[in-house]
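S.K.: Below is the structure I would like to discuss, written out as structure tokens.
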Amino acid sequence: MHLSAVFNALLVSVLAAVLWKHVRLREHAATLEEELALGRQATEPAPALRIDYPKALQILMEGGTHMVCTGRTHTDRICRFKWLCYSNEAEEFIFFHGNTSVMLPNLGSRRFQPALLDLSTVEDHNTQYFNFVELPAAALRFMPKPVFVPDVALIANRFNPDNLMHVFHDDLLPLFYTLRQFPGLAHEARLFFMEGWGEGAHFDLYKLLSPKQPLLRAQLKTLGRLLCFSHAFVGLSKITTWYQYGFVQPQGPKANILVSGNEIRQFARFMTEKLNVSHTGVPLGEEYILVFSRTQNRLILNEAELLLALAQEFQMKTVTVSLEDHAFADVVRLVSNASMLVSMHGAQLVTTLFLPRGATVVELFPYAVNPDHYTPYKTLAMLPGMDLQYVAWRNMMPENTVTHPERPWDQGGITHLDRAEQARILQSREVPRHLCCRNPEWLFRIYQDTKVDIPSLIQTIRRVVKGRPGPRKQKWTVGLYPGKVREARCQASVHGASEARLTVSWQIPWNLKYLKVREVKYEVWLQEQGENTYVPYILALQNHTFTENIKPFTTYLVWVRCIFNKILLGPFADVLVCNT
């Protein structure tokens, strides 16, 4: 009898444990269903989010998937889908062909050369490609029952969610502007991250971009074996990126940067508002220099001495901040009011985008690391409209560096290399240009600790910062371009058999009367018809008589454009055909 009682007790315990686990799994699934707004989330009105399941299934089975993309190649393409599906078992997206399916562009096998599009903003990286498999809609009869996602989805990859530079440059900025590229998307979309990473150290920043909780690929498995998106955008705009990381050629600024400080600062303003960081600035006399303190590697060994020297030189207090010890909102608050930001090279310097106009960025580089070869933060600071001063300082003294050859290879260790290679690296005075991402000499040098030579640092800063550093009230510096000159005309006169004159005149661009422009000039190109070369002229007036090399009874082509402040070149007006 006792044995039976014990057995029954054990059986009850096991059943209770199984039931408890089942209940917890059901609770987890229910939570995710709520996150998908399946009609039960108070902040997202149920009528707008519920899916009429029978109708949705009928549309999918009869009509199939619908896709229309923008962009000519996989590196600049964003696609808009209706009824795109995802198999959690196969970990593949599915395009179901039905009676009303549309696939534009219809690439055929070119869709695999190499992919339909990039899921991240790191261009043409073979781990970031997006594609789908194709099935007839009739195959749905033999597949798991689809779960329909009612949210408008923005589907993308995060490239490296544990690195703050990658988070801002590759993800947050592109997400912010992709959401604003399509009407209503910023207020309706839910972000789906498909790269397979966990949340990462900065997931809270992604949550600021949309009123709906982002979802990761791993979370989708709990929702069903087959998910179908009623409306989805796939891919990210790369238009805000300014740097390439060296996968094909050594790292450096992108060849064709399309973003300015204006767009960066609008994004920064959005982020500071979401983080509840004020824009009031600091009172007069309370200005400060902010020094980023690192706690694990790439240390400033004489940090206290550096703080004192900066305070004495610039007659303002110095403050330290670190990503490890401060909430990110506090970091942004300190950066956004700083007169100068000083930091070793590292991801924390992407916070430069929060600096006020007129502030100074001072980037410190360890021994043997050439600042000209690693410029993501210089490129950011020097974007037109950022209005920042940038200073790079490099440790030139090997005795002021502390190396760590015994560390793991990914933290700069080199003991895994043969002795000859170790000796070469130790004797090298500069890391050669290299590709990303495992160059042992680069890792060895970038993870060094540095004793900053303070006199040389102050001297380097003073070459750029002549007076007291700090934010300044500046007029809007984004250049406005002239329109076309108007009413261009020409008049010719002939004097004898070998002499002629050609007078060209025009009216100012119509937008000039609404602008305050420091200097206005005009560029005129003069070309004899049939010749391959032209003669350019820069003129201050709105008319000019040309006599040099003007031939009688000859046809000339004339182009005229306006130039503001020597660098803002307007468009050429329509070509003038002038006969002498």
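The chain as shown is numbered from 1 upward.
Positions of Cβ are set from backbone N, Cα and C atoms, glycine also.
Remember, predicted model here, so these are calculated numbers, not experimental data.
As annotated by Swiss-Prot, domain 'Fibronectin type-III' applies to 488-580. Swiss-Prot lists N99, N276 with the feature N-linked glycosylation site, giving sequence analysis as the kind of evidence. According to Swiss-Prot, the topological domain 'Cytoplasmic' annotation covers 1-4. As annotated by Swiss-Prot, topological domain 'Lumenal' applies to 26-580, with the evidence given as sequence analysis. Annotation source Swiss-Prot lists transmembrane segment at 5-25, citing sequence analysis.
Show me how these features fit into the structure around them.
M.R.: Secondary structure of the domain 'Fibronectin type-III' (488-580), assigned with DSSP and counted as helix (H, G, I), strand (E, B) and coil, comes to 5 helix, 51 strand, 37 coil.
Same-chain residues at least 6 positions away in sequence with a Cβ under 8 Å from that of N99 (N-linked glycosylation site) are, in sequence order, E62, G63, G64.
Secondary structure from DSSP puts N276 (N-linked glycosylation site) in coil.
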S.K.: Across the domain 'Fibronectin type-III' (488-580), what is the average pLDDT of the model, as a whole number?
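M.R.: Mean model confidence (pLDDT) across the domain 'Fibronectin type-III' (488-580) is 95.
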S.K.: What same-chain residues, at least 6 away in sequence, bring their CB to under 8 Å of the CB of N276 (N-linked glycosylation site)?
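M.R.: Looking at Cβ-Cβ distances below 8 Å from N276 (N-linked glycosylation site), excluding near sequence neighbours, one finds A329.
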S.K.: Check N99 (N-linked glycosylation site) against DSSP and tell me helix, strand or coil, would you?
M.R.: coil
